[in-house]
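> Below is the structure I would like to discuss, written out as structure tokens.
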Amino acid sequence: MLGKSQFDDLFEKMSRKVAGHTSRRGFIGRVGTAVAGVALVPLLPVDRRGRVSRANAAESAGDPRGKWKPQDNDVQSCDYWRHCSIDGNICDCSGGSLTSCPPGTKLASSSWVASCYNPTDKQSYLISYRDCCGANVSGRCACLNTEGELPVYRPEFGNDIIWCFGAEDDAMTYHCTISPIVGKAS
């Protein structure tokens, strides 16, 4: 076993050897590269196709949402497949449609997105939820669906935010939400 002084001598010799063969700038550059690389990890693409099968397979007795099955018949129903992540009122019940606001309301320029599964063609689609603003809440067809919802620190996937701050003419009062298809998600 090495004594204390032998250990100190060995460590000092190795430290001096490493210091003699490397520069401070090189070390700082490598640390900077590592920090930048770690910061860029959240920007990498992620394959979430497995989430659809897990979401549809979830059958929880304590969770009423566990039995939620998307359907493709009644667009004014909360379980219509495009409404998988809607948190608000469906515009189709207020004189609008899946893609247009009711008369007297303005379309907000901001949106949030979700990937919803269509049971008819067994495909997932990217839905861009946009709020219609400028009239009082209709109260008809109110839905609280949270399929694929993420916490508020990812606001582009957050359905708890009222997105009327981008509407024309300062129409800040929420009325309903439309759900147009952006494209295929998978």
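These residue numbers are counts, starting from 1, taken along the chain as shown.
Each Cβ is built from the backbone N, Cα and C atoms, and glycine gets one as well.
Feature list, courtesy of Swiss-Prot:
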SIGNAL    1-57  signal peptide
DISULFID  CYS78-CYS143  disulfide bond
DISULFID  CYS84-CYS116  disulfide bond
DISULFID  CYS91-CYS176  disulfide bond
DISULFID  CYS93-CYS141  disulfide bond
DISULFID  CYS101-CYS132  disulfide bond
MOD_RES   TRP112  tryptophylquinone
DISULFID  CYS133-CYS164  disulfide bond
> In whole Å, note down how far the CA of CYS78 (disulfide bond) lies from the CA of CYS84 (disulfide bond).
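Rounded to the nearest whole number, the Cα-Cα distance is 8 Å.
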> If you measure from the CA of CYS176 (disulfide bond) out to 10 Å, which recorded positions from the list CYS78, CYS93, CYS101, TRP112, CYS132, CYS133 are inside that radius?
CYS93, CYS101, CYS132, CYS133
> Which one, from the disulfide-bonded residues CYS78, CYS91, CYS116, CYS164, CYS176, has the smallest tally of other C-beta atoms lying within 10 Å of its C-beta?
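Per-residue Cβ counts within 10 Å for the disulfide-bonded residues CYS78, CYS91, CYS116, CYS164, CYS176 bottom out at CYS78.
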> Given the disulfide-bonded residues CYS78, CYS93, CYS116, CYS141, CYS143, CYS164, which lie close to CYS132 (disulfide bond), meaning Cα to Cα within 10 A?
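Candidates kept after distance check: CYS164.
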> In the structure shown, with every protein chain counted, which of the disulfide-bonded residues CYS93, CYS101, CYS143 has the densest set of Cβ atoms within 10 angstroms of its Cβ?
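Within the set of disulfide-bonded residues, the most crowded position is CYS101.
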> Return only the integer: C-alpha distance in Å from CYS164 (disulfide bond) to CYS93 (disulfide bond).
19
> If you measure CYS101 (disulfide bond) to CYS93 (disulfide bond) at Cα, how many Å is it?
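Here the two Cα atoms lie 11 Å apart.
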> What number of additional C-beta atoms lies within 10 angstroms of the C-beta atom of CYS133 (disulfide bond)?
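Other Cβ atoms found within 10 Å: 25.
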> Counting other CB atoms within 10 A of each CB, which of the recorded positions CYS84, TRP112, CYS141 comes out lowest?
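Least crowded of the recorded positions CYS84, TRP112, CYS141, by Cβ count within 10 Å, is CYS141.
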> Pop the Cα-Cα gap between CYS116 (disulfide bond) and CYS93 (disulfide bond) into the table, whole Å please.
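Answer for this pair: 20 Å between alpha carbons.
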